[in-house]
Structure formats: structure tokens, C-alpha cells
């Protein structure tokens, strides 16, 4: 039950980076703004290249373009607010605004998890079942997988937001974070949150452990198939088609698991905030960087777009 003689909170105050001096916050602002602009421009370039180059009109690059859109929406939900907080440390957000930010953050964050799983399934079909690949991974199947990922993101976000904002918030109003996230908000509730913490843990299991397990199984089968390829050149080419996706998967699931699957007794909001900077600012940049620098098809498409001879020719 809510505490007696307490007032209901109408808005929250982000603690953010207020413990740092003005010079440090200004330095963070410049670095984070640069990374944010690079992320936006990198994703825009990938989307444009995939749209214009017919060589990239395949399931793999369809999922990559959807992932780029989702990553862009994900960063837009978080980073502008964080940048504003760096310039104005006493930044407030209304209860409704906080719920909206949490909803979009969870929707696109969870969507990204399942899109990476769909991309793993695509690589599995391409390498382990190449003769039926074009039939199984048709346009309809790709759209269904992408829609299913978004649908799971929306449904899980609704469950989480409803769970968190169904709680009473009384006197405490300072969020120990730079955006609205589940754990910092649960710490502010003026009632028992055991049920909500169980819901949060179960959702984390569903959106992290299940996709990670599916990706792991996919790559066990992929690697076992690749090792059976007779030629060294064939094995190298097969590994190359999976390398970019695997790098993004490891970093994405790794950071998220540290934050959301850690026991409450070992949870430190300060430590979680530091990891969240990596998860919300740096990880989204890896998508366009890794897929452009490590992917020969994308590099060749960029060369063609600039009127140059493809590097692989």
C-alpha cells in the first residue's frame, strides 16, 4: 500500500550525469552527439544502398534494412533526451512522457532481439538448406518474420509499461538513470514490487534467453555444416556471410543480458547506467559500421553507387 501522508508524483527528475561537472558533461555531449549522428547517417546510407542496389534485394539485406529502421527508432527514443539532460542536468519528464519513452524503448529494443534471431534463421537456411532457401525464405516469409518481431516487441512493451505504471509513485521522483527504464522506476514505487520484478524477469527471459538460445542452435548447425565443406575457399566464404551478424549478436545480447538478467542482489544502478550508455549509444552504431566494413556485398554496392569498380571484381 502507498505510504500515508505522501503525494502522488506527476513528473520525474533524471539523475543522469548530474554528478559530473559542466566540462565533463559538455565533453560527453560532443562525443554522444557525434556517435548519434554517425548512427543516423550510417543507417540512412545502408537503407539507401539496399533500396537502390538490386544485388542487395535478398532476405539477408531485407532484415538488415528493417534492423536499421528499428535501431534508428530505438536511438531516437532515448538519445535526444539524454543529450538534453547533459546540457540541462535538472531535466524533468512527465509521468505520461516517461511511460511513452519506456514503451518505445522496449518495443524497438525487443524488436531488435527478435530481428537478430530472424537473421540467424536466414543464415541457417542459406547455408544448411541452400536448395530450398529461395522457396522457404520468400518475400511473404520475410515479412511475416519481421512483423512477428515487431508484434512481440509491442506486446511485451505493453505488458511492461502496464505493470510499471500501474504502481503508485509517491514522494520519490528522482530516476537514477538518464532515461525511463524498468528497474530504476520500480525502485521509486511506494508499494511492494515483488510481482512486478518477477514480471520483468520473465519478460527478460522471453526476449533475451529464448532468442539467444535460437541463435546459438542456428550457429551450431551452421558451423557443423561449414566444417563439412571440402574446399578451404568455400568454408571461408560461408564463414564470411555469418561473421558480421555474429559480431552484432554477441555485443547486443551481451550488454542486454548483463543489465536485465543480473540478480537484483547484484544490481547496481550506477553500473547499469554505464552499461546502458554502451547499449544505447555505441551498440546501435555497430550495426552500420560492422555491416559496411565487414560485408563485401555492401562495400561493392557502395562502390557502384559512387560510380567506381566493385572491389571484388
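Cβ coordinates are placed from backbone N, Cα and C, and glycine is handled just like the others.
Here is what TrEMBL records for this protein:
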- 26-50: transmembrane segment (TRANSMEM)
- 42-291: domain 'G-protein coupled receptors family 1 profile' (DOMAIN)
- 62-87: transmembrane segment (TRANSMEM)
- 102-121: transmembrane segment (TRANSMEM)
- 141-159: transmembrane segment (TRANSMEM)
- 198-226: transmembrane segment (TRANSMEM)
- 238-261: transmembrane segment (TRANSMEM)
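Through the fold, the transmembrane segment (198-226) approaches residues 110, 113-114, 116-117, 120-121, 123-124, 127-128, 152, 156, 159-160, 163, 182-183, 186, 235, 238-239, 242, 246, 249, 253, 256-257, 260-261 of its own chain, all at least 6 residues removed from its boundaries and within a Cβ separation under 8 Å.
Within its own chain, the transmembrane segment (102-121) has Cβ neighbours under 8 Å at 60, 63-64, 66-67, 70-71, 73-74, 77-78, 145-146, 148-150, 152-154, 156-158, 160-161, 164, 179-182, 185, 207-208, 211, 214-215, 218-219, 245, 248-249, 252-253, 256, counting only residues six or more beyond its boundaries.
Sequence-distant contacts of the transmembrane segment (26-50), counting only residues of its own chain at least 6 positions beyond either end whose CB sits under 8 Å from a CB of the stretch, comprise 17, 20, 56-57, 61-62, 64-65, 68-69, 71-72, 75, 79, 82-83, 86-87, 281-282, 284-285, 287-289, 291-292, 298, 301-302, 305.
Within the model, the domain 'G-protein coupled receptors family 1 profile' (42-291) shows a mean pLDDT value of 87, rounded to a whole number.
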